[in-house]
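Report on the following structure.
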Amino acid sequence: MTSTARMRPTRPADLPLAALVDAFSLVSVGADIAGTTVHGVTMASDDVGTGELFVAVAGARVHGARFAAQAVDAGAVAVVTDAAGVAELGDLAQWVPVLLADDPRALAGPLAAYVAGDPAQHLRTVGVTGTNGKTTTTYFVDAALRAVHPTTAVLGTVELRIGSQAIESPRTTVEAPVLQHVLALAVERGATAVAMEVSSHALALHRVAGTTFDVVGFTNLQRDHLDFHGDMEGYFRDKARLFEPGQARRGVVVVDDEWGRRLVREARIPVESLATHVGDPAAAEADWAVVSADVGLDGVGSTFTLRGPDGTEHVAASPLPGLVNVSNAALAIVLAHAAGVDLATAVDAVGGAHAVPGRMERVIERAPGRPLGIVDYAHTPDALVLALEAVRPITPGRLVIVFGSDGDRDRGKRPIMGEIAARLADVLVVTDENPRSEDPGEIRAAILAGVRQVRPDLADVHEVSPRAQALRLGVALAGEGDTVIVTGKGHEPTQEIAGVFHRYNDRDVYLQAVADGLADAPPLPAAGGAA
Ligand SMILES: CC(=O)N[C@H]1[C@@H](OP(=O)(O)OP(=O)(O)OC[C@H]2O[C@@H](n3ccc(=O)[nH]c3=O)[C@H](O)[C@@H]2O)O[C@H](CO)[C@@H](O)[C@@H]1O[C@H](C)C(=O)N[C@@H](C)C(=O)N[C@H](CCC(=O)O)C(=O)O
Ligand SMILES: Nc1ncnc2c1ncn2[C@@H]1O[C@H](COP(=O)(O)OP(=O)(O)OP(=O)(O)O)[C@@H](O)[C@H]1O
């Protein structure tokens, strides 16, 4: 993974540690703080910049204080930690300033923001949360912000991008100090607006503490991550933290599900509601509503009509296929408008947005003799249904899917994904996703068990490993009018097999297949034994 070190401001702060102690009412329990100045904040001993404050938090695995000496060796000048952390530090406290805090994790963001000069104050900030659609909506919002802001930043699962420069993102929402460094660098590079994904983990773990968003959006809430949040109630409560005073100034909430409707009732900041399912009773009550949609009629995305709070109707478009992207596009338009973009400008910019990496991304355009080739990130049964339903209307011929399922993750979904693919696609190439520590053949066998429920004879079903060969077969099997969709890995730049991250990207494989000539297929393997 590319280091986030490159995302530090080039002109770091220079703040007396004593000023931080005063501002945050910290208690000094280590060496004398006089004369110590702070240039930044970090929570990770392997990501320390010179003169930074190391915030040592109790983690799920280990207490960060265990790595304080390592952080100091790497350039940290002081440590902020809790009582358990102080106990862990031992002799280190004799020669390094140590500041005691009740909840260092909750403090890391505000501390980092303070040291970085509160960069969010200089940016128009939009945050997007929800189970699905965060990445897509964030890119759509960025397209609208770019129409009026010459330089923008977009932060999320795919990348950390400022203007035209990007690095891979280590996670959907980076740790609090990293976020503040990135925002400070964005300001330094002239950015005036940022759109970012805010995961539920980030909200639970205070990664966006210290940032007050101008506008926040909620897409939907579906079953996910219950291992972390406990139950749907806990998951909802963590998502709802984004809609608290101090965390955001105003919000836009999609009210297609009951969780969204509840959020509108319970949010303690001003929110606008948006209904995106045509004909849903929620539309009558909602501030904004999608009142008609022509999905896939233009062979690419959809056109739809968005009714505003004053009753005015606006003809808008989603550049990506499927009803879910009508929802994402509508939310992005309303968010961008709430963030100060003129409505007509937001509508135009979202309709003309470029591809979102790995989200219904069209890598091979349909042409004479050539199929349409799409990469999508769908890796849950629900998302797979939506993805296949979205491409069917833009597929005059056969629908070819290349897919697998992750190792070391929910095993129960494997046969379900197989059954869905067999029901909704015409030709199946079952392959590997990220097998991790599991036997890839066993994962494919579990998927094929689901396929057999629908197609006992395994007609038009192939089992191929490795993944690159599977995708090349999928492309070779498809002709004019057909669509190939490869799902599960989206933008991911690596494939994790037995603890090793191999460079791998679905888009690159498509492009290589085109460069080599589309019909250059590997030999046809029989399902039930990988090639
Ligand atoms: C639940 C969760 O998010 N955990 C993350 C968290 O773990 P933790 O705070 O419990 O940390 P820990 O590993 O016990 O270590 C404690 C402290 O010691 C520090 N440390 C640890 C080791 C060391 O050598 N040096 C060091 O300084 C760590 O930086 C940390 O501050 O901090 C760790 C260090 O940054 C992360 O590796 C770890 O991410 C885990 C692996 C993870 O996968 N998180 C996922 C679930 C996540 O956050 N996903 C959401 C998106 C979900 C979605 O919507 O799909 C995301 O925003 O990406
Ligand atoms: N509004 C939506 N409702 C339901 N499903 C959606 C929606 N938008 C996208 N999806 C599906 O979810 C998948 C992931 O979309 P996207 O990356 O935009 O969401 P995300 O919230 O960022 O998810 P992740 O955190 O897993 O990256 C897409 O491939 C698509 O199939």
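Please read every residue number as a count from 1 along the shown chain.
Even glycines carry a Cβ here, placed using N, Cα and C.
Heads up, TrEMBL stuff is auto-annotated, nobody curated it.
Annotation source TrEMBL lists domain 'Mur ligase N-terminal catalytic' at 37-85. Here TrEMBL flags 128-336 as domain 'Mur ligase central'. As annotated by TrEMBL, N6-carboxylysine applies to LYS239. Marked as domain 'Mur ligase C-terminal' by TrEMBL: 358-490.
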Neighbour tally for LYS239 (N6-carboxylysine), based on other Cβ positions within 10 Å of its Cβ: 24
Mean of pLDDT values spanning the domain 'Mur ligase central' (128-336): 93
Helix, strand and coil totals (DSSP H, G, I; E, B; other) for the domain 'Mur ligase N-terminal catalytic' (37-85): 13 helix, 16 strand, 20 coil
Counts of helix, strand and coil residues, the domain 'Mur ligase C-terminal' (358-490), according to DSSP: 52 helix, 30 strand, 51 coil
